[in-house]
Amino acid sequence: MRSPKRRGYKEVCGLVIAGGLLASCTVLPMNLPDFETESFIRSVTSSDVVPTSGPSSEPTGAGSSARPASLTSVQSAQAPLAPLGAFLRADPEGVQHIPQLQRWLGGTELKVGHTYLPGDRWSNIEGRPGFLEPWTKWRRAQQDRMFVLNVPMLERNEEGLSDREVRGLLRAGADGRFDSHFRTLSERLVQLKAPDTVIVLGWEMNGTTYSHRCGPDADAWKKYWRRIVTSMRSVPGQKFRFDFAPSRGRDAYPWTECYPGDDVVDIIGMDAYDQPEGLSFDEQVSEPYGLQAQVDFARKHGKAISYPEWGLFRNGDNPEYVRRMLDWFARHKPLYQTLTDYCPHGVWQCPHNPDSAETYRAVLFGRSGSTPAPSPGAGATTAPSPAPMPSPSRTAVPVPTGSGARIPWYEDCFAVGKYCLRFDKVPRNSWISRAGFYD
């Protein structure tokens, strides 16, 4: 039988521990929209804001409008801001997340909306109006905005088709068998009053991820690209720009050997993630078919450059990579750049990269920047600088767990009536983690 004295000590200790945990909690409203089916909530408190004086180990809160700590990134901080965006979600909810990201960036406006057509079947590649309409409506709301749409060249685009199957499909496309699908897409974009959409067609063609890869038959691939562009440009009223966007580096096939010709390409893009593991940024610039090769190729062909996809990857939370990429944009002035903002690549919707998030936010916070160059006949005008943003009320942003990393139990959201209770001030090297509660 336990003595009353010992039991009293334990009760006091328990109350002290419970009080400490409760003091570190955040209470959030429930029933926020899920970002993914396994999403969880990243809380936002005033203590998450990075102070303007002195360093901080705390990541910047997702809903805060307070200015983050300044960084020594002279090039990116002083140069005009290239039109920026972020891939936040493919479906119409991606549009709804744009104002939240702008608030986190202190009022810096996202001028680029970016999404992908599903590549599972032709009916989706044709662009269902219900899918496209929220994006085109966002584009039309301001003349200086840009809509970037990734368009697969083949259905069953991520089903791991063999090279033999891909070769046959590319040759069928080169013969015109799929022209009608792309004409339908073109007609729908014109009908939705988005005739100046940037079309990122057959992206990362130098890799092996997608069925629309170039390697199995480069000649057929180039002929097929040309047929698609010809079909889409045949629709009256269109002013599309076509973006040729390989992945950075050689990958499985040299991307220069996939280039279909200056008359059917308007932009030389590049998907540039922080990979492979251990590769420095300088090496990403200088490697064969790397960042410098892209800039040189575009200059030789008289094309603008772009970065439809970029973000963290094999080297983890790497603020140096983020800073160097933003400096690269400031120096080379792409037509646009859009961060891939989900785990493991992102900084706003991914809680696993707090240092990179702080760097990204510090460089881009409160920037008015420049605006996209107008499309021929689009009549785009320069938008005024955004008005100062008021300090928002406490909000929470849904975050995907796409990286598959395990989250400690105390970062979970516990339902208490209509509120969410979350312990967000427990460091990973605390007694809780040392005692084995961090799993």
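Heads up, the Cβ atoms here are built off N, Cα and C, so glycines get one too.
For 46-63, the entry in TrEMBL reads compositional bias 'Polar residues'.
The region 'Disordered' feature in TrEMBL is assigned to 46-74 (among others).
In the predicted structure, the domain 'GH26' (75-367) carries a mean pLDDT of 98. Per TrEMBL, the feature domain 'GH26' maps to 75-367.
Sequence-distant contacts of Glu204 (active site, proton donor), defined by Cβ-Cβ distance under 8 angstroms and a gap of at least six in the same chain, are Tyr210, Arg213, Ala245, Pro246, Ser247, Asp251, Asp271. Annotated active site, proton donor per TrEMBL: Glu204, in sequence order.
The compositional bias 'Low complexity' annotation in TrEMBL covers 370-384.
The region 'Disordered' annotation in TrEMBL covers 370-399 (among others).
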Item to check | Assigned conformation of Glu204 (active site, proton donor) - DSSP reduced to three states | outcome: coil
